[in-house]
């Protein structure tokens, strides 16, 4: 069993740290106002050779090709034999970039000046930030606008023009969403935005007592998660002061008592499952575990099954932020027994900027009443058949639907519905994500092998090599180069990735619309750019 060291402060090294330092701390958000408890496993050597070898062998065995890795023909062959190659046609693939990225004075084909855009072959590897637009969307939005314009409020109760009745539109997403997250339809719904849903779910599942009052979170979560957790605790300081029996505690002191973080071991950049498990076992004050399914910075996929099992054994509520996991990896939320989860839908689920969020509440909580599971409610929490009744009698819906408060925006709902229709096109024997993952594993492994072969010591990949420990995304540290210059050079060539200061680029080949030839060309361009910046 690993031994933990308790670090008294979460204050990190300055972002100006040397780029040769492989510590994640130089790339991570900091929360310098707090001295959080941080648990780390004991430092030891960790051999990653076997996991990389396994991934490489798996790739080469599946390819069964006479081509070498560095040949463009290999990528062409892989695309030709891809059973999902037709799915790219379901999306509007970008074909322009903002003209500000072009330095040679090129103008748009429509004759406008440089205030608009430039036609360009685009390589889009940013589905981890914003997925592409389904072609179905514009037509489906137009149908909803037509219904609204012609029958107004009656659209709530009419399926005219081939649409869904607005008063129960969320019912139309449940089956597909349940398949994507490995849940039962009663366990999922769509509502609000991700951070808002974190607050809603914490209100229901964070029930602090004198014995259990801490929330476990990653040391380097997406900042919004930390803001949500710290602000949630501050909103409940009266309750927590009573629990601690000290009315003089400041809100910041209470936050520091109530949050515990799990960090990577010294010299490592990703978390070990054994360290998360041992932290859950060793700290009897943990009330809620709130870990990301896939870590936004490193791309590491956590062993959610093991985390959920440990939480169940130790009486801890298990929650996951699945922003980078949903639509990316296989999920079995019901089977794993986690208590709650939430996610956004604008990344891998392609619902558009600020798209509506989703939640999961396990079936074991489906019929808990307000005394057992207090929560926020509103008119959309109640049974659909009585929503428009003026009766004060309240009959909440069972399951996740009972956590809804307000009616969702029909245009946002149409966006997620349009995307889910695309996901359903790949369904085989009731499975969606396992089909996508087969291609995803090949795409990302191909990307990794090319990067290692062609770029060698010019980069450092911080994402685990084991395909079971990652999704689409590879997070790549660019060594000894100016990140802004690299990003600008990529954009000038029509390559869309995203960056995290001071030296990380995140690349996410998405199986629904990315091609192997795009991966090959991206690596070729990146190699060219890094050589130019020598």
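Including glycine, each Cβ sits where the backbone N, Cα and C put it.
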Write down the one residue from 148, 379 that TrEMBL lists together with 194, 195, 222, 223, 224, 225, 321, 324, 346, 407 as binding pyridoxal 5'-phosphate.
379
If TrEMBL is the reference, give me the range from 1-27, 28-54 marked as region 'Disordered'.
1-27
Whole-number Å only: compute the distance from the Cα of residue 194 (pyridoxal 5'-phosphate binding site) to the Cα of residue 347 (N6-(pyridoxal phosphate)lysine).
12
When a 10 Å sphere is centred on the Cβ of residue 222 (pyridoxal 5'-phosphate binding site), how many other Cβ atoms does it contain?
19
Rounded Cα-Cα span from residue 347 (N6-(pyridoxal phosphate)lysine) to residue 321 (pyridoxal 5'-phosphate binding site), Å:
13
DSSP state at residue 346 (pyridoxal 5'-phosphate binding site), helix/strand/coil:
coil
Cα-Cα distance linking residue 347 (N6-(pyridoxal phosphate)lysine) and residue 224 (pyridoxal 5'-phosphate binding site), given in Å to the nearest integer:
16
Distance, residue 222 (pyridoxal 5'-phosphate binding site) to residue 347 (N6-(pyridoxal phosphate)lysine) (CA atoms, angstrom):
14
Which residues of the same chain, at least 6 positions away in sequence, have a Cβ lying under 8 Å from the Cβ of residue 346 (pyridoxal 5'-phosphate binding site)?
130, 131, 352, 353, 354, 355
I need the most crowded of these recorded positions: 194, 224, 321, 347, 407. Count other C-beta atoms within 10 angstroms of each C-beta and give me the top one.
321
